[in-house]
Amino acid sequence: MRQMRLVVVGAGGRMGRALTRAVTEMAGAEVVAGVEREGSESLGQDVGELAGVGNIGVPISDDPLAAFAQSDGVLDFTTPKASLWFAELSAQARIVHVIGTTGWSEGEDEPLKAAARHARIIKSGNMSLGVNLLANLVRKAAAALDSDFDIEVLEMHHKHKVDAPSGTALLLGQAAADGRGIDLSSHSVRSRDGIMDPRKTGDIGFATLRGGSVIGEHSVIFAGEGERIELTHRSEDRQLFARGAVKSALWGFDQKPGFYSMADVLGLNA
Ligand SMILES: NC(=O)C1=CN([C@@H]2O[C@H](COP(=O)(O)OP(=O)(O)OC[C@H]3O[C@@H](n4cnc5c(N)ncnc54)[C@H](OP(=O)(O)O)[C@@H]3O)[C@@H](O)[C@H]2O)C=CC1
Ligand SMILES: O=C(O)C1=N[C@H](C(=O)O)C[C@H](O)C1
């Protein structure tokens, strides 16, 4: 079977470089193009050199249209604005679009779903097996415990991260809300400062820590009277997410157009 031809967008970023490394280490796919924004310092540099795997003869360009036209799929860990544009281009090219980008605003899934009429879009706030399994456990725990158990989601990431709460924290909060059978947006508390009303029963709280080089740590805390349950995941290597993204792309290659999640890829929805 022929190799799946992949484009890495944001190829000079932390995840972009991890994605190139993952593709070169895994069977079934190759990097045929790397894209960065107009004016980027990475333009013209070799994608492999930038990722530390040696020259692969693929210079970074600022032309996603040309790159997508010669590919079967796109690995995209950039910004919501860029990912919305890449989804339109992926739909035009009828290819696979793996979106790991986080920091989405409410309603931004709608244009992605429209693009997924033609593209195979796989989007997740976390591409690791461990976090997606954790989400299942959180859903079960939230369904089993009544609202006397207060749910708080705590996350810590490196100092460069710009969005909060993290995509993973929101994914875990959604799993808790689903388990409880409530709407997340009307029950989530994303910040606390100064004097305020006491915590409302049924709220789901989010707390964000930023600092140093932390790859990603998430805990969901179920705090009851006299006891506390904590479910935690610690990511120790960014390659974890990159390998999950390549696995998603290979899975998406055989699917019909649609809007999928990592849980679909891992068979956790069955
Ligand atoms: N789902 C998951 O498992 C994971 C998700 N993430 C998410 O992935 C995203 C990226 O994270 P990270 O790699 O750390 O961030 P970086 O800032 O290191 O990388 C993002 C890259 O995308 C580039 N970029 C931005 N806009 C465009 C554009 N229009 N065209 C081409 N390239 C563009 C940036 O270029 P420039 O610097 O010039 O702006 C940069 O090189 C974040 O949203 C993060 O939360 C991260 C890890 C795991
Ligand atoms: O920005 C990151 O680094 C990460 N972002 C994702 C998120 O927002 O949850 C996934 C991972 O935790 C790393």
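Including glycine, each Cβ sits where the backbone N, Cα and C put it.
Keep in mind the model is a prediction, meaning the values are calculated, not measured.
The active site, proton donor/acceptor feature in TrEMBL is assigned to His157. In the three-state DSSP assignment, the secondary structure recorded for His157 (active site, proton donor/acceptor) is strand.
The annotation active site, proton donor is assigned in TrEMBL to Lys161. Here the Cβ of Lys161 (active site, proton donor) has 18 other Cβ atoms within 10 Å, regardless of which shown protein chain they belong to.
According to TrEMBL, the NAD(+) binding site annotation covers Gly10, Ala11, Gly12, Gly13, Arg14, Met15, Glu36, Gly100, Thr101, Thr102, Ser124, Gly125, Asn126, Met127. When other Cβ atoms within 10 Å of the Cβ of Ser124 (NAD(+) binding site) are tallied across all protein chains shown, the result is 27.
As annotated by TrEMBL, NADP(+) binding site applies to Arg37. Taking the Cβ of Arg37 (NADP(+) binding site) as reference, residues of its chain lying under 8 Å away and at least six apart in sequence are, in sequence order, Asp62, Ala82.
What TrEMBL records for His158, Gly167, Thr168 is (S)-2,3,4,5-tetrahydrodipicolinate binding site. Counted within 10 Å of its Cβ, the other Cβ atoms near His158 ((S)-2,3,4,5-tetrahydrodipicolinate binding site) come to 14, all protein chains included.
Annotation source TrEMBL lists domain 'Dihydrodipicolinate reductase N-terminal' at 4-127.
The annotation domain 'Dihydrodipicolinate reductase C-terminal' is assigned in TrEMBL to 130-266.
Taken in sequence order, the recorded positions Glu36, Ser124, Asn126, Lys161, Gly167, Thr168 that lie near ligand 2, meaning a CB under 6 Å from one of its atoms, are Asn126, Lys161, Gly167, Thr168. Between the listed binding-site residues, namely Thr101, Asn126, Thr168, the fewest other CB atoms within 10 angstroms of a CB are found at Thr101. Residue pair Gly12 (NAD(+) binding site) / Lys161 (active site, proton donor) shows a Cα separation of 16 Å. Comparing Cβ neighbour counts within 10 Å across the recorded positions Arg14, His157, the minimum falls on Arg14. Take the CB of Gly10 (NAD(+) binding site) and look out to 10 A: across all protein chains shown you find 26 other CB atoms.
In this structure, the recorded positions that sit close to ligand 1, with a C-beta under 6 angstroms from any of its atoms, are Gly10, chosen from Gly10, His157, His158, Thr168.
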